[in-house]
Structures are given as structure tokens and as C-alpha cells.
Amino acid sequence: MRRPKKYESGEATQYISRRAALRRLQLSLNDFRRLCILKGVYPREPKHRRRAQKGSSEIKILYHAKDIRFLLHESIVWTLRDYKIFAKKSGRDRAIKDFRNLKRRLALFPEIKLDHIVKERYPTFIDALKDLDDCLTLLFLFSTFPSLHLIPREQSALCRRLTIEFLHYVIASKSLRKVFISIKGYYFQAEIKGQKVTWIVPHYYPFKPQSRQDVDFKVMSIFVEFYTIMLGFVNFRLFHGLNLAYPPQFPSSVLQDNSETLQDESSFVSDRIAALNFELLRTDKLMEDEEELDIDMELLEQDGDSKRIIKMKQEAQEVARLRTLFKGLKFFINREVPREPLIILIRSFGGKVSWDASVFAGATFDESDETITHQIVDRPSLSTQYISRDYIQPQWVFDCINQRQLLPTNKYFMGEQLPPHLSPFVDSKRETYIPPEEKALHDPSLIETHVQSDDDDDDSDAEADNQEEEEIEQQLLDAQLQRAYQQETAEYKKYGGTDGVNEDEEDSVDDDDEEDEEEEEEEDVEQLDDKTKRLLEEKQKMKVESGKVHKVNKRQIRKAEVDEHRLQARMVKPRHRNLFRKLIREKQTKEKEEWLLRKKRRNIDADAKEAKKTAKREAKKAAAEAAAKALKMA
């Protein structure tokens with residue numbers, strides 16, 4: 001039997017370097033990267049790098065040998081090789097100026113088919129929905145790009161079309177659940193087929209060119225190439241699940257015979273689809289008014305009343321109310337407000353929305369409409385205002401959705417300082433410090449207590465302002481009471497201090513009564529049995545003693561905790577010691593962050609309180625000066 005040699009089995013044969021993979025596949029580095037991105041193959045980190053690299057200590061990029069064997073059977077490899085042949089032959093035709101043959105070759109340009117790869121990577125529709133977060137975020141980003149060297153115009157236009165189609169599904173299904181505004185953009189979370197899908201829509205800023213060292217647009221473009229095919233499949237399935245025509249179409253009532261439709265119907269339809277403000281054509285009219293619920297309430301009622309079932313019922317009822325949050329409300333968006341994110345939010349929750357017709361196509365009513373309930377503005381003032389509507393800032397819409405109720409609009413009026421905008425994506429179980437506003441977001445019953453604490457602060461400020469007046473009144477009252485007491489004492493001495501009864505006689509009468517009572521008690525005790533006598537004797541022995549105050553020494557308690565912690569650290573096994581230190585370091589970092597946040601919050605509250613006091617004093621001072629001026633004028 002032959003003795004096995006070193007590195008012929010085990011971990012050394014499970015991995016292969018990138019250079020060896022390129023030789024085996026006979027591809028260039030760029031083609032290999034493209035193939036790995038499309039197939040979902042990525043580098044691996046071995047457990048023992050020296051063994052995996054057959055004794056070499058050099059840092060190499062390693063792949064699973066099984067993944068490389070998997071790539072050998074991919075049909076795209078032949079298409080990538082055809083690209084190389086096409087480049088050589090077209091370059092030769094261009095060099096000899098054989099443009100006729102070059103035109104023929106360009107018509108036969110090899111194309112990569114990715115349909116089978118999408119089906120291979122996502123066997124079920126739920127698998128595709130689970131991987132939809134990165135897909136949507138990247139496509140929304142590329143939909144805002146202009147035509148670049150590595151990003152053709154057709155790719156950006158395709159990303160824009162697919163993302164608009166997906167937003168139409170979100171609006172029609174009313175599946176939006178959470179929203180948030182940040183520096184990166186607008187965060188959206190929808191619940192589709194029981195899966196939570198989260199994506200980011202970037203802010204609409206002018207495009208700033210990036211250097212090649214910062215962003216590799218070529219690699220990102222390969223991801224987009226795969227994700228466009230994937231999202232096309234997903235949109236097709238989602239639209240047919242709601243009986244919506246795909247590609248999106250409008251009912252005949254929208255396509256009226258006017259000048260715009262007669263000139264160019266395709267551009268008219270595409271503009272209205274991009275406006276996100278019209279209902280789409282349904283293939284089945286019976287399903288138009290029916291809305292599918294994610295949870296079957298009748299099935300839940302049959303399952304009993306366990307805690308889990310009750311929680312699911314409550315969640316289903318909250319979602320049903322949330323889907324009609326803005327029902328019956330009409331919004332008008334001003335020019336300075338971002339149009340598309342607010343249209344998605346308002347229409348996803350049952351509201352009606354419009355804007356200035358000169359900004360974008362698809363406006364359904366004007367600003368002068370008297371039935372408008374809310375106008376969304378982002379400026380300090382307006383020249384003309386209507387009494388029948390509320391002028392609010394855009395944050396009101398986001399906060400109402402996150403708290404699942406219509407909030408009062410007084411804090412969001414035009415020109416007002418907005419309350420803090422809290423993220424609904426924070427996990428309260430993992431975070432150590434939770435501000436009071438966020439607690440109120442997760443538990444609406446805490447809003448009243450938070451408001452009550454603010455009122456208590458105002459009351460304490462008012463008490464501090466009126467403290468001097470109360471002290472003066474108390475001094476006057478004490479002087480009056482002292483004078484009354486002196487008068488009563490003088491009258492008591494004047495009339496002899498008695499009511500005609502001698503004190504010695506009263507004391508003798510009291511002593512006789514006490515002796516009679518003691519004799520009666522002794523007679524009663526003699527008549528009782530021995531057990532009762534014993535109980536009475538024990539009761540007489542019981543007495544109340546003065547207690548002692550035990551002072552808590554915090555330093556000793558802290559020292560005991562530190563000693564216990566050191567004992568636990570010594571008991572940790574040596575192989576787990578690094579992990580233990582890492583956990584302790586993370587815990588200390590969290591505690592420090594919590595302490596800093598609490599300190600920062602205390603400073604902010606103190607500054608706000610001081611500013612409030614200063615404003616009150618200035619207001620009182622101004623009122624006093626105005627009153628003095630009025631007296632002088634009088």
C-alpha cells in the first residue's frame with residue numbers, strides 16, 4: 001500500500017488559488033470576475049491557510065475547488081470565449097477598413113442569456129424575495145445616474161423602468177410598513193409574501209463624478225446586469241399575483257382623446273406611469289376592490305386564544321388600520337418638496353395627492369382646490385394661505401406612518417422646529433440606551449407620560465419664578481400668627497389659667513380610677529387558662545425598639561462586584577480567554593456609549609430648559625416695558 005504524501009488530501013485539495021482557476025477555465029481576469037459575480041461564487045477563507053496553500057505562507061485569493069468545477073460546466077464560459085474571438089476579428093476588420101464585414105459581425109454580436117442563472121440561484125420565488133434588498137438598492141441608485149463611460153444610457157433607463165414598476169406594485173398592494181429619512185436617502189420597508197424587503201432610495205442631488213480608485217463602476221455594472229433580469233422576473237410574478245397587466249397599462253378612462261395622447265401616446269403613458277398617481281389596468285375586474293390580507297382571521301379564530309395567536313390578531317388589525325391611514329385626506333406637494341417619495345407614502349396608505357402641473361406630468365388637482373386637507377411645504381412662509389387646510393412639513397407624513405396613527409399637526413407647522421425624527425429600524429432589545437421619544441414610538445402609551453414630564457418641568461419653572469413672592473407671603477402670615485398667639489397667652493394669664501377646678505383633685509380622681517381598672521384586669525387574668533396566660537405574658541414582653549439606620553457603602557458593593565468579575569475571568573479556560581476579553585471589551589464600549597449619550601441628552605435638556613427660561617424672562621421684561629410705556633403715554 002502506497003504511503004500518502006503530504007498535501008494530497010484534506011484541506012489542501014479543497015481549495016484552489018485564483019491563478020490556478022484562471023488556467024483551468026482559460027479566461028482572463030475580467031471575464032473570471034464577471035462569471036463569478038453572475039454565478040454567485042466568491043472567495044473563501046480557509047481555517048488553516050498554510051495547509052490550504054500547501055505549506056506556502058503567502059496570502060493568496062482562494063476558492064473552493066468544487067465551485068471552480070461547477071463553473072466549468074457553465075455555458076456562459078463559451079460566450080465569454082466568443083467575446084475574445086469577436087474582439088480579435090472585429091479589430092482586424094477595423095484595421096483593414098473592411099466596414100461591410102465589420103457591420104455583419106456587429107449584427108452577430110454574442111449575447112449572454114442570464115435567465116437560467118436566475119432560476120438556478122433562486123429555485124423558489126421566496127428565495128428571490130429574500131435577496132431583493134441589495135437588488136433594489138443598487139437599481140434605485142443606478143436609475144439616477146446619467147450616461148457614463150461604463151454605464152450606458154440603456155442600462156440606467158432599464159433600472160428606472162423596473163424600479164417604477166416595483167413601486168406601482170407596492171402602492172397597489174399597500175405593503176409598505178416602515179419609512180425613514182437619513183443622510184444616505186429614504187429607507188423603505190415593505191412586507192411581501194411574508195418577507196420583509198428593505199431598500200434605500202437616494203436623495204435627488206446632481207451627479208458628482210467619482211474617481212476609479214473610489215468606485216469601480218465596471219464591477220457594479222455587472223451586478224446591475226444580473227439584478228435587472230432578476231427584478232424583471234419578480235415584477236412579472238408580483239403583478240400577476242394582483243391581477244395587474246404587465247407591462248403596466250392604464251384603463252381607457254385615463255387615455256382620453258386630447259392633444260397629448262394624439263401627438264405621442266407612448267410618451268404620454270410613460271410619463272403617467274412615472275408619475276405614480278394613477279391606478280393601473282387590472283386583468284380581472286372582480287378583484288379590483290378586494291384586498292388580500294396576509295393573515296386569515298377565520299383560521300386564527302379556530303386555533304384558540306394562545307398568546308401567539310392573540311399577538312398575530314393584534315398585528316393583523318394594526319396592519320389593516322395602517323393600510324387606510326390617509327384614507328379621505330387630500331395632499332398637495334409644493335415645488336421645493338421631493339415629489340416621488342411622498343407620492344409613494346401617501347398613495348400606499350389610501351390618500352390622494354397632487355402637485356403643480358408645471359413640475360411633472362400627472363397632476364390631478366390644483367392648489368386652489370378647496371377640498372385639500374394638507375399642503376406639504378418646506379419653506380418658512382407662504383404669500384397666500386388657505387384656512388381650510390394644514391400647512392405641514394414632510395416629516396409629519398413619515399412620523400405618522402412609523403407611529404401608525406395621525407399625529408397632531410401643531411408641531412409640524414410651517415416654520416416650526418421639528419421634533420426628533422426617530423428610526424423605526426432600531427432594535428430596542430439590542431440597544432442599551434433608548435431615548436424617551438423612541439420609547440414612545442414603540443409604546444404609544446408613553447407619549448402622555450413624556451408630555452406630562454414636560455408639563456412638570458414647566459410647573460417647576462413657574463414655581464421657581466414665584467418662589468420669592470411665596471416667601472414674602474409666608475413671612476407676613478407667620479407674623480400674624482405670632483401676634484394672635486401672644487394675645488391668647490395674655491388672656492389666659494389674665495383669667496387665672498383654670499376653669500374653677502383644682503389640679504390636685506383631678507390627679508387624685510384619676511389615680512383612683514386607674515387602681516380600680518388594674519384590680520378588674522387581675523381578676524380577669526386569674527379566670528383564664530394557662531395557655532392564654534402564657535400568650536399574655538409574651539405579649540407584655542414585646543416592645544418596640546428604636547431602629548438603626550444601615551448606611552449602604554457603595555464602594556464596598558462595587559469592590560465585591562469587581563472581585564466576583566475577576567474570579568469569573570480566572571475560571572475561563574485559556575482557549576476561550578480571547579473571546580471572553582472581546583465580549584468584556586464590547587460590553588465596556590456599549591456602557592461608555594450609553595453614558596455619553598445620557599450625558600449628551602442631559603446637556604441638551606438643560607440647554608433647552610435654560611433657553612425656555614430666558615425666553616420667558618425676556619417676554620416678561622418686554623411686557624413690563626410695554627406696560628411702562630403705556631403708563632407714560634397715559
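Quick reminder: no glycine exception, Cβ is built from N, Cα and C everywhere.
The domain 'BRCT' feature in Swiss-Prot is assigned to 321-414.
Residues or ranges marked as region 'Disordered' by Swiss-Prot: 437-473 (among others).
Annotation comment: Swiss-Prot describes Ser453 as phosphoserine.
Residues annotated as compositional bias 'Acidic residues' in Swiss-Prot: 454-473 (among others).
The coiled coil annotation in Swiss-Prot covers 460-546 (among others) and rests on sequence analysis.
The feature region 'Disordered' is assigned by Swiss-Prot to 491-561 (among others).
Feature annotation from Swiss-Prot assigns compositional bias 'Acidic residues' to 501-527 (among others).
Positions annotated as compositional bias 'Basic and acidic residues' by Swiss-Prot: 528-548 (among others).
The average pLDDT computed over the coiled coil (596-629) stands at 87. Residues annotated as coiled coil in Swiss-Prot: 596-629 (among others).
Annotated compositional bias 'Basic and acidic residues' per Swiss-Prot: 603-623 (among others), in sequence order.
Marked as region 'Disordered' by Swiss-Prot: 603-634 (among others).
Feature annotation from Swiss-Prot assigns compositional bias 'Low complexity' to 624-634. When Cβ-Cβ distances below 8 Å are used as the criterion, the compositional bias 'Low complexity' (624-634) is approached by no residue of the same chain that is at least six residues removed from its ends.
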Within the compositional bias 'Low complexity' (624-634), residues counted as helix, strand or coil by DSSP: 10 helix, 0 strand, 1 coil
